[in-house]
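Pulled from TrEMBL:
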- Arg100, Arg110, Arg139, Asp227: substrate binding site (BINDING)
- Asp227, Asp251, Asp255: Mg(2+) binding site (BINDING)
- Gly285, Ser286, Ala287, Pro288, Asp289, Ile290, Ala291, Gly292, Lys293, Gly294, Ile295, Ala296, Asn297: NAD(+) binding site (BINDING)
- 4-356: domain 'Isopropylmalate dehydrogenase-like' (DOMAIN)
- Tyr146: site 'Important for catalysis' (SITE)
- Lys195: site 'Important for catalysis' (SITE)
Amino acid sequence: MDWKIGVIKGDGIGPEIVEEAMKVLDAVARLYGHNCQYRQLLMGGASIDVHGEPLTDQMVEEAKACDAILMGSIGGDPAVSPWYRLEPSKRPEAGLLKLRKELGLFANLRPAVLYDTLKEACPLKESITEDGFDMMIVRELTGGLYFGERYTKEVDGVRTAVDTLTYQEEEIRRVAKKAFEIARARKGKVTSVDKANVLDTSRLWRSVTEEIRTSYADVELEHMLVDNCSMQLVKNPRQFDVILTENMFGDILSDEASMITGSIGMLPSASLKESDFGLYEPSGGSAPDIAGKGIANPIAAILSAAMLLRFTFHLEEEADCVEESVRNVLKLGYRTADIMTDGKKQVGTREMGSLIAEGLRKK
Ligand code: NAD
Ligand code: IPM
Ligand code: MN
């Protein structure tokens, strides 16, 4: 099969971790006889440096011409990076939001799985983690607070800032359907997370998910308030199968879920629409504090590449092969600094990528 993959290396640790994901993709392609071609695309701070804006329309067109996009992460440290002296619509993050919107990527899948081998890196106590957990967060990605009208201005001499949270029923319906489809192929439970005791958007969210449930009689639906959910995640993460939630709640809950798998450096993501096209990126950021040090964990990027194989190309065996290699390397005791525990072997970004690429075994 021919793969045409757009690559956005991005900023900070982005280039370091994407290199490793490409190393692994190249190795899978060799092993299974696929032809992998990359097209480098600019976004975020790297694009601002060249074009003065975080994402040009030409890049959007080039992205659309690819089968899938593999991305690192964008952005810098707002306290020191000159990118943050620009107006908000010209900053790195605006490029990512524009790309998600222009490509119509409304469903963001973030799987949080605790591997047996990483229980010691999980900050929760053993009695909670002994049986592990495996949940899929389905985050709405092109609506809500991120895309509502916003402004800051003086009103009657008072500095006033406004962000608008809007959802239309169809935006909820399409992402809810994804969540139900995914749950059907897993343990069959959707936990829809909202703030329906306060927000109108959440009350609409509940009504629409209830309507969708009637087409999925085999899937259990429960509703949970977001504050309770953030607490339940650390109290009993095993109760969750699929978490369905809106854009902002999903952003926050997925970082929390990542940490109980050991590190934000472990959490991949897939941003999807109705077609096979997808954008695959780690859930975490550009980690300016460790950029350039060669110590970032590339596993989230590598697992994102596995999601790319699964969701865009439907190559289950190849995707399993990558995931299997990640598990084996962890079983052998190799760890990057963020998941390091007593008695394990610490390796850098490149070594971790090479170990996973070299450990691939065709089934
Ligand atoms: P961050 O996720 O970049 O970093 C938070 C902490 O996690 C840091 O201590 C960092 O070192 C650590 N970390 C993150 N990824 C890691 C990895 N792969 N291996 C080891 N440690 C890792 O969050 P932040 O510091 O709040 O944001 C930094 C920048 O990244 C900001 O500009 C933000 O807007 C951007 N960001 C981008 C994306 C994206 O591109 N999708 C996601 C989140 C944040
Ligand atoms: C993420 C990031 C982005 C988001 C930022 C960089 C805009 O935090 O992908 O989780 O909030 O969606
Ligand atoms: Mn985030």
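Glycine is no exception: its Cβ is also placed from the backbone N, Cα and C atoms.
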Neighbouring C-beta atoms (10 Å sphere around the C-beta of Ile295 (NAD(+) binding site)): 20
Distance-selected binding-site residues near ligand 1 (C-beta under 6 Å), from Arg110, Asp227, Gly285: Gly285
Fewest-neighbour residue among recorded positions, criterion Cβ within 10 Å, set Arg100, Arg110, Arg139, Lys195, Lys293: Lys293
Recorded positions near ligand 3 among Arg100, Lys195, Asp251, Gly285 (Cβ under 6 Å): Asp251
Between Ile295 (NAD(+) binding site) and Tyr146 (site 'Important for catalysis'), the C-alpha gap once rounded to whole angstrom: 31
CB contacts for Ala287 (NAD(+) binding site) [other CB atoms within 10 A, all chains]: 24
Neighbouring binding-site residues, C-alpha within 10 angstroms of Lys195 (site 'Important for catalysis') - of Asp227, Asp251, Asp255, Gly285, Ala287, Ala291: Asp227
Residue with minimal Cβ packing [other Cβ atoms within 10 Å] among the binding-site residues Asp227, Asp251, Asp255, Asp289: Asp289
Confidence summary (mean pLDDT) of the domain 'Isopropylmalate dehydrogenase-like' (4-356): 98
Among Arg110, Asp251, Ala291, the binding-site residues whose C-beta sits under 6 Å from ligand 2: Asp251
Rounded to the nearest Å - Cα separation of Arg100 (substrate binding site) and Tyr146 (site 'Important for catalysis'): 11
Largest separation between Cα atoms (Å) of residues that the record links to NAD(+), namely Gly285, Ser286, Ala287, Pro288, Asp289, Ile290, Ala291, Gly292, Lys293, Gly294, Ile295, Ala296, Asn297: 15
